Each structure stands twice: as structure tokens, then as C-alpha cells.
Amino acid sequence: MGKVFVCDHPLIQHKLTYIRDKNTKTKDFRELVDEVSSLMAYEITRNVALEQVEVETPVTKTTCHIVSGSNKLGLIPILRAGLGMVDGMLKLMPTAEVGHIGLYRDPQTLQPVEYYVKLPTDPTQRELIVIDPMLATGGSAIAAIDLLKKRQCTRIKLMCLIAAPEGVAAVQKAHPDIDIYVAAVDEYLNDHGYIVPGLGDAGDRLYGTN
Ligand code: PRP
Ligand code: URA
């Protein structure tokens, strides 16, 4: 079974509180999501492979470590809200390629509808991080991971800001091999499929729509 990592660093939890606050305006919301994404990128890359290199400091030659060149990363935001997390992650992993999966949740059926797919080059050779602020029913994340697996991608992680227990359980059932990184697992999903307490509609709050 894939693990669930709750990124409980105090700075992440502090910023998440302001992200949740309905009085936080679009500009601040966007900046906070960007910052939390950088902090979560730090956690999700904890096990990235290193390789040894020789470096000459002003004092002497020494052996140090850099991220292995064979460790190619791909970020896969689920449009549209996942886009809000991309720049924050790229700050820490600037050479990652970014693919996009366009899905929206049908408001009646809550089922994900696919409208766009463009993956990084050589996706099967990369570690792929699917990113989306919200894991509600899990339908969107499961559809995105299905799509990657159908294209023979095997090294996949899922990163979200807030998850509902229902969404975590659904992803674990559909994709028991996937590790999930979240800043919080909330209480439950309401009748409209919104996470409670959650943060509302992530896409609308990022882009000022409603
Ligand atoms: C939201 C969110 C996730 C999805 C989560 O996107 O960003 O993609 O809902 O819900 P689920 O786990 O039940 O599938 P939405 O469909 O509102 O589209 P948007 O990002 O374009 O606003
Ligand atoms: N999508 C969101 O943006 N928010 C939720 O709470 C659930 C799905």
C-alpha cells in the first residue's frame, strides 16, 4: 500500500491556515500556495538520488554530492488548479519538465472529464509528480494516474495541499503503489463534493473566478 506523508512542518501549517481563510484575497492566496508548494517540494524530494562530484574549494579539492543526472523529474499539474503549484516547485527543481493534464470535475456527476494532455519528453524515464491542491473524491487524481500508467509510466507520486479521507482511500484502492504527499487530511466531503473544512474552490480562489 502506498504511504500517505503529511507534511506537517510548522511553516507549511502556518501558511495553510491563511490559504484556508476565506478573507485571504487572490493575490495572497496565490503567493501562499506558491510558497507552500516550494516547502512541500523540499519534503517530496527527500529521497532523490545523489552522485559524487569532485569540487575545488578555495582551500582544497574535495568530494561532494549533487542530484544525480539520471534522476529526471516531471511535474504533472492537473489543470487548472494544479498550475498554481508549479512555479513554487520549479524554484527547487528548475530542470524538471512540466506536463499538463486537463481535467475538470463535472458538477453534477463529480466525474473527471479529460480535455488536454501533454506530457514531458520520455515520461517513462522520469519520476513524475502529479500535483493538484485538492484531493476530494479522488476521481481527478485517479484519472490522471490511470492516464500516466496507460502510457507505461511507473514512477509516480501524488502531491496535494488538502485531501479528504475519502479521496485518500479512493486513490489507495485504485493505485495502491502510489505515495501521497499532503499538507493536511481534512474531516470529510460534503454533499457537493467539497472538502470540509477545506479551502473552497481552489481554481476559483487562485484565478479570481467564481
Ligand atoms: C478541482 C481540484 C481537483 C478536483 C478534485 O478541480 O483542483 O482537480 O477538483 O476533486 P476530485 O478529487 O473529486 O476529482 P475542478 O474540477 O474544480 O477544476 P479546476 O481546477 O479547473 O477549477
Ligand atoms: N475541488 C476544490 O477546488 N475544492 C474542493 O473542496 C473539492 C474539489
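Cβ coordinates are placed from backbone N, Cα and C, and glycine is handled just like the others.
Marked as domain 'Phosphoribosyltransferase' by TrEMBL: 6-209.
Packing around ARG80 (5-phospho-alpha-D-ribose 1-diphosphate binding site) is summarised by its Cβ count: 18 other Cβ atoms lie within 10 angstroms of its Cβ, all protein chains included. What TrEMBL lists as 5-phospho-alpha-D-ribose 1-diphosphate binding site is ARG80, ARG105, ASP132, PRO133, MET134, LEU135, ALA136, THR137, GLY138, GLY139, SER140, ASP201.
Within its own chain, ILE195 (uracil binding site) has MET134, ALA136, ILE162, ALA163, ALA164, GLY167, ASP186, LEU189 as residues 6 or more apart in sequence whose C-beta sits under 8 angstroms from its own. Sequence annotations record features per position, and here TrEMBL assigns uracil binding site to ILE195, GLY200, ASP201, ALA202.
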Listed binding-site residues with Cβ under 6 Å from ligand 1, out of ARG80, ASP132, ALA136, SER140, ILE195, ALA202: ARG80, ASP132, ALA136, SER140, ALA202
Same-chain residues at least 6 apart in sequence whose Cβ lies under 8 Å from ASP201 (uracil binding site): TYR194, ASN210
Env. residues of uracil site, Cβ within 8 Å of mean position of ILE195, GLY200, ASP201, ALA202 Cβ: PRO133, MET134, TYR194, GLY198, LEU199, GLY203, ASP204, ARG205
Assigned element (helix, strand, coil) containing ASP132 (5-phospho-alpha-D-ribose 1-diphosphate binding site), judged by DSSP: coil
Length of the line joining the Cα atoms of ARG80 (5-phospho-alpha-D-ribose 1-diphosphate binding site) and ALA202 (uracil binding site), in Å: 9
DSSP-derived structure type at ILE195 (uracil binding site), helix or strand or else coil: strand
